[in-house]
Amino acid sequence: MTTLLHLNVSPRGETSHSRRAADWIRQKLAAQHAPLTVLERDLAADPLPPISAAFTDANMAGAAGLLKEGEVPPALALSETLIAELEAADMVLLATPMHNFTVPATLKTWIDLVVRPERTFRSTRQGKVGLLRDRPVLAVVACGGPVREGPGSQQDFLTPYLKYVLGTIGLTSVEVLRMDNTARGPEYIAQGLEHLQTWADATLPGLVVPTEAAA
Ligand SMILES: Cc1cc2nc3c(=O)[nH]c(=O)nc-3n(C[C@H](O)[C@H](O)[C@H](O)COP(=O)(O)O)c2cc1C
């Protein structure tokens, strides 16, 4: 049995391009990795609370080695739940819009809750070392406009950031599908769907799911 963690970020429900694309990918994954168990987390329908002082203190206490073995202060309970969802997943499917060139605030809060010193990464003299087992992460990113080289074009800070921050906790197998120009009309949407198909054909058959490889 393979477990997929499906994270949705867009607040736009059924009209969301990233959600629709991710649902299509999920169907493909279900056929390819049957039986597929899906853990769903909708960061728009159930937004996570902003980082609190209590969370910050408990997080820093963990970083300083001040928590007892197995001790989970109440302020870290939600973070532990989110990390447990990641740990339970053999694959992650993340569907998100681009907001102001990077991740939406709701996704950033999820990141702040799962990227924790001495829990999901360790700081060493050589830099941060991820503590989670690697597993495929498929990220679908919808952007209203184009991303391209040259003056006047917008930059994509989302893709490199997402890869960097997930890599920090050990998730280095991140594949990003960016669907540009969603705000520019049906012709561009059709191009995005073609791109989705090509990307899926190139990416999904080669996915190495560690627990499946070991089985
Ligand atoms: C607050 C906000 C910021 C946005 N920033 C950008 C941006 O920086 N670049 C871009 O191309 N589109 C931007 N958009 C447009 C969305 O990325 C686009 O509508 C996308 O399709 C939303 O994803 P969804 O269709 O999955 O909901 C922004 C939209 C909102 C609401």
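Using N, Cα and C of the backbone, Cβ positions are placed for all residues, glycine too.
As written in TrEMBL, here are the features:
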DOMAIN    3-199  domain 'Flavodoxin-like fold'
BINDING   S10, S16, H17, S18  FMN binding site
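Listed in sequence order, the residues V9, R12, T15, R19, R20, A21, A22, A95, T96, P97, V140, A142, T182 complete the 8 Å Cβ shell around the FMN site centroid, once S10, S16, H17, S18 themselves are left out. Mean model confidence for the domain 'Flavodoxin-like fold' (3-199) is a pLDDT of 96. Under the DSSP three-state reduction, S10 (FMN binding site) is assigned to coil, being neither helix nor strand. In the three-state DSSP classification, H17 (FMN binding site) falls within a helix. The most densely surrounded of the binding-site residues S16, S18, judged by C-beta neighbours within 10 angstroms, is S18.
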